[in-house]
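Trainee: Below you will find the structure I want to go over with you.
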Amino acid sequence: MSKEQHLEKDPSFNIDTYLRVESTSFAQDKEAERILALAAKAANPIEVLDLDHKTWLLGRIDDKDIKLSYRKKSLLLHPDKCKHPRAQDAFEMLKKAETELSEEGKRAWLLGLIAEARSLVFKRKGIPLPKPSSISTTAAVATNTTAAISSTPISPFMPDPVKNPSEFNLLLASVKVETRRLLIDQGKRDSVRLKNEVDRKNQEEIRIAEERKRKAETDKTWEQGREERVNDWRSFIKKTDSKKKRKSNGPELLG
């Protein structure tokens, strides 16, 4: 007899509660795996928080969206409630993402990267890049509901999300993937720059160490020759004094 059949025979068993718990556990594991998978790629905080199309296609990040997404996902992934073996890791990634997106500098940098990715994707797909003023940013679009999207097209240059959802989702996915690629490339450049910086510092440390070594050897050689130089100087002074003494006595008389 299965676990479920045993439970069904238990008079205290409540199938609605059971299904709710199982559903929550499944959602927790799924969300933990989604976030952990991003660590192996490029952990873009926007992807970690799973912000909607406004960020990717409109270049907008609202504070309320960050807070709402973090609140929902932190409730799912809190290690005290989530049984996933790496819940702590996923939760820390989530917290880091929320912190990074709260920094204006980091947020602006990410939006710039997304804008570059969006431009590349639009160019490949032959979609004219819309001017900021031509993109609808009304409150209706911000709600991200089907009715709102239907009544307020995101852009006249993009696939309609209601009439052609598959093309719209493909465009959205393409921008996400391109952003990932740019992040990875940036990470590689940062690694090269960091390596060059470390190499430069190492070379500088070696140069300083060699300079100190040469100075120590020079000082040692100078010190070792000091007694010889003193003796040479004394001999020179003695000879000079002797010559002066002979001159002061006058020439010798011939007998």
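Numbers here mean position along the shown chain, with the first residue as 1.
Placement of Cβ uses the backbone N, Cα and C atoms for every residue, glycine included.
Source: prediction; values computed, not measured.
Just lifted these from TrEMBL, have a look:
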| type | residues | note |
| --- | --- | --- |
| DOMAIN | 44-106 | domain 'J' |
| COMPBIAS | 211-232 | compositional bias 'Basic and acidic residues' |
| REGION | 211-255 | region 'Disordered' |
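Looking at the shown structure, what environment does each listed feature sit in?
Mentor: Remark: secondary structure over the domain 'J' (44-106) totals 43 helix, 0 strand, 20 coil, with classes taken from DSSP.
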Trainee: Tell me the residue counts in helix, strand and coil for the compositional bias 'Basic and acidic residues' (211-232), as DSSP assigns them.
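Mentor: Summed by class, the stretch gives 21 helix, 0 strand, 1 coil.
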Trainee: Looking at the domain 'J' (44-106) alone, can you tell me the average pLDDT?
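Mentor: Across the residues of the domain 'J' (44-106) the model's pLDDT averages 91 on the 0 to 100 scale.
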